């Protein structure tokens, strides 16, 4: 091992070898050191000629260039990376520029958020304004959603039939959320149905006559039914003069109202309240406070058995007076009544379309549209479901039930003519035009539109709900759910066209 080079202490110099830039070279005739001296083992210093020294330096630098070139080839990314770093350094933004860019970005986000918020507020304001306008029109009885033109005849295969009652269905109601149906029949039973599945959720069985003291429920034909607008209370009335109050969710019996002296044929809750109106064959209308289990008052005026009753938001109700040939509007606070004449036969059913218009049906086969400001019908359709019987003895089909899609121009009527007929109310409720028929065999004793207008529920029986004048044997005692198809969403406008 030789002594280290004085100028390159980290690179040892072997005897007989020369270190050039850290690379071992073959020994020349004379071994020069990088410091122009050659250290020999004996310690003598040998001078190297300048020409020879230059030639060796030239050879060493050339070799170094080649080695450097090779190492660059082995690392091709080295030069490119350095170049990119230089470019990044050139385009790198200053702290001030970065702050400015972030501030602009933040302001742009704020502007977008404000625009979205303004759009949402405008939409909400429009919805609120539209809703308030509809409420005002509804209170005035001028709201008329034009839905009839969009309705299509349903596919008969899509009609669902629910079987559970043993005797003819007499009445039914739909829960405010359209998820449940309550039905009652001449077998004295009440059934709660699930609309989606068609299954029975609860059954309140009927009792035998004479077991009123022991049985919780009806022991006579259930003829009328109503549910409060909040879905809390269910009221049912029977031929035995009783009104039963139930908890609608659980079907738990709460209490009964007594006071009528004959069959209870009509029940209706005032919309938005727990005030109940009842009508009876005893020719009276009674007012009850269901939440407080209290009787309020009795109203008299009809000259014959009352057959139907309905009410909406106002503190008033309408009734059909059977053979006395009148429809009456009862103003509860004033304890007064308005009397309307129009049908030739017994008026068996009545239903409000809105706060200012109603429809009624009679056993003379006629359907009438009324405005509360006029004593006579705005329009009447005679023989609305055609006639039946032998030639020369034709009789019109009785109108046994009517239903209205609230605040719209759609009306449904039922008879025993093997069909349910849908009608379109013309402008100002001055015309009644048939839309289409839905085939159903049997007495259509009850009709109800869902609150959303998506389906129509029909209570069908072999007999009329108020009697047994004749029987249709081929009919099935059942509940039919008829889906209503629309081509487009109906619009809403005032009934007077303004």
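Yeah, the Cβs are placed from backbone N, Cα and C, and that goes for glycine too.
Among the features that TrEMBL reports, region 'Disordered' is placed at 56-94.
Per TrEMBL, the feature repeat 'WD' maps to 162-203 (among others). Across the repeat 'WD' (162-203), mean pLDDT in this model comes to 95.
For the repeat 'WD' (215-247), same-chain residues at least 6 beyond its ends with a Cβ under 8 Å from one of its own Cβ atoms are 170-177, 182, 184-186, 188-190, 204-209, 253-258, 260-269, 271-274, 276, 278-280, 288, 290-291, 293, 309, 465-466. Annotation source TrEMBL lists repeat 'WD' at 215-247 (among others).
TrEMBL lists 257-298 (among others) with the feature repeat 'WD'. Here the repeat 'WD' (257-298) has, by DSSP, the following mix of helix, strand and coil residues: 0 helix, 24 strand, 18 coil.
Positions annotated as repeat 'WD' by TrEMBL: 299-340 (among others). Remote same-chain partners of the repeat 'WD' (299-340), defined as residues 6 or more beyond its termini with a Cβ less than 8 Å from a stretch Cβ, comprise 138-139, 224, 262, 265-272, 275, 277-287, 346-352, 354-355, 358, 360, 370, 372, 375-377, 406, 466.
The repeat 'WD' annotation in TrEMBL covers 340-380 (among others).
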DSSP-assigned states of the repeat 'WD' (162-203) in counts, ordered helix, strand, coil: 0 helix, 22 strand, 20 coil
